[in-house]
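Annotation source TrEMBL lists NADP(+) binding site at LEU9, GLY10, ILE11, GLY12, THR13, VAL14, GLY15, GLY16. Per TrEMBL, the feature NADPH binding site maps to LYS105. According to TrEMBL, the L-homoserine binding site annotation covers GLU190. Residues annotated as active site, proton donor in TrEMBL: LYS205. The feature domain 'ACT' is assigned by TrEMBL to 355-432.
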Amino acid sequence: MKSINVGLLGIGTVGGGTYTVLTRNQEEIARRAGRPIAITRVADRNLELARQVTGGNVAVTDDAFAVVADPDIDIVVELIGGYTVARELVLKAIENGKHVVTANKALIALHGNEIFAAAQKKGVIVAFEAAVAGGIPIIKAVREGLAANRIEWIAGIINGTTNFILSEMREKGLAFADVLKEAQRLGYAEADPTFDVEGIDAAHKLMILAAIGFGIPVQFDKAYVEGITKLDAVDIRYAEELGYRVKLLGITKRTDKGVELRVHPTLIPEKRLIANVNGAMNAVLVKGDAVGPTLYYGAGAGAEPTASAVVADLVDVTRTHTTDVHQRVPHLAFQPDQLVDLPILPISEVSSGYYLRMRALDKPGVLADVTRILGDREISIDAMIQKEPQEGEEQADIIILTHVTVEKNMDDAIAAIEALPAISGKVTRLRMEELSR
Ligand SMILES: NC(=O)c1ccc[n+]([C@@H]2O[C@H](COP(=O)([O-])OP(=O)(O)OC[C@H]3O[C@@H](n4cnc5c(N)ncnc54)[C@H](O)[C@@H]3O)[C@@H](O)[C@H]2O)c1
Ligand SMILES: N[C@@H](CCO)C(=O)O
Ligand code: NA
């Protein structure tokens, strides 16, 4: 039987893993796909690496555009990353009538609308399971498995690097920079690790999840993005005292006013399963109206876990590419002419519980002033700790957990608290999610 010929662009961490998995499980994959799938050409600007990984068994080139133009190639796998050359290559592949598999969440989050429109026009498939939560089949779960549901919200630990950093810092007391270096060595981090630590990578993935969950076009510029670089170890400790873990969470919710789309460090009750997801592991909670909350857990980064998703997409594309375009699973889960323009809410309109930490002079009345400011704005307090001042100091930390309120109301309360003479410096604010309903 004629094999499906794959052109692999980029044979780094994920590309290398893809080559290994496809070669190792060749026979079983053919039995699943209905025909053999073979990588017949590889492009990488590092020719030495390409030769080394393929052991001289495949034609290698440093010109990715030559692979995309090759009439013998059926599916192009883009594992270069970034959104400049990768965008051009993917659009060129589509133009040449090739199906595309990619792990590139940045590309999909920024240019998905353009790419899917081009693919629809040409009748080709663009598959991107590896782009969100690595090896966890979350795209398939939301797009197909939960197709009966009205998706209400999705919340996930969707960046392995930051979860690895937070876990190592908490468990082993290691320094941020050392843990980041280790994540880079293990192949978890992006080419530019600021994408990981500033929450951008998680926001790329969240944008994709919101699009397939709610049937909206990708619009990455509307996401609220806050990473872990400003997170203070003391807040992780206080949160623990109060029974919470701090995770970098991507949250998207459908509300009456619009869609919440936000990535930020978040307090989660420690009894939730997702609060106990550690290391480079990812977990995504999806709440559907019929099914209730569902949880998906697994390796979110790394060579073979990510390759697992890339190769599954290759099998999917191989199985479905004979199907009529209109009968296929739509790229963003909803038919292309059925996407809706729900507004994405600015962060000021988002509702959440809050963790507040402030430094206050240890004198009577301060606490009363703070609680009055919150009370005047109908923000109710869930828990509070007042620390004893350290030896020789006059100020002490006050930590307050609040019930849900809208962010702009909290902005106003924080401004009033910071204006109190007995409060010094800024109030630290972290958002909190119960993730129970
Ligand atoms: N590493 C992970 O765990 C992981 C997980 C999921 C998704 N991803 C995504 O997968 C993609 C690849 O990531 P990676 O970690 O494998 O990166 P990588 O840096 O390890 O590999 C990229 C490869 O592409 C090659 N390359 C770069 N520019 C090229 C060009 N113009 N022409 C030809 N080759 C070129 C590089 O030489 C390198 O070998 C990215 O989009 C990334 O976001 C990575
Ligand atoms: N840099 C990403 C790779 C997986 O997408 C992460 O750490 O999760
Ligand atoms: Na995935």
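Sequential numbering from 1, following the chain as shown.
Each residue, glycine too, has its Cβ placed from N, Cα and C.
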When the Cα-Cα distance from GLU190 (L-homoserine binding site) is computed for each of the recorded positions ILE11, LYS105, LYS205, which gives the smallest value?
LYS105
Under 6 Å from ligand 3 by Cβ, which recorded positions from ILE11, THR13, LYS105, GLU190, LYS205?
none
Quick one: of the binding-site residues LEU9, ILE11, GLY12, THR13, GLY16, GLU190, flag those whose CB is under 6 Å from ligand 2, and say none if nothing qualifies.
GLU190
Kindly report the helix/strand/coil residue split of the domain 'ACT' (355-432) according to DSSP, in that order.
23 helix, 35 strand, 20 coil
Three-state secondary structure, the residue listed as 'active site, proton donor' (per DSSP):
helix
Taking the center of the Cβ atoms of LEU9, GLY10, ILE11, GLY12, THR13, VAL14, GLY15, GLY16 at the recorded NADP(+) site, which other residues in this chain have a Cβ no more than 8 Å from that point?
LEU8, GLY17, THR18, TYR19, ASP44, LEU79, ILE80
Specify the secondary structure state of VAL14 (NADP(+) binding site) as given by DSSP, simplified to three classes.
helix
Could you find out if DSSP has GLU190 (L-homoserine binding site) as helix, strand or coil?
coil
Test of understanding: give the count of other CB atoms lying within 10 angstroms of the CB of GLY12 (NADP(+) binding site).
18
Let me know how many other Cβ atoms fall within 10 Å of the Cβ of ILE11 (NADP(+) binding site).
27
Whole-number Å only: compute the distance from the Cα of GLY10 (NADP(+) binding site) to the Cα of the residue listed as 'NADPH binding site'.
15
Let me know the most crowded of the binding-site residues, choosing from GLY10, GLY16 and counting other Cβ atoms within 10 Å.
GLY10
For the binding-site residues LEU9, VAL14, the one whose C-beta sees the most other C-beta atoms within 10 angstroms:
VAL14
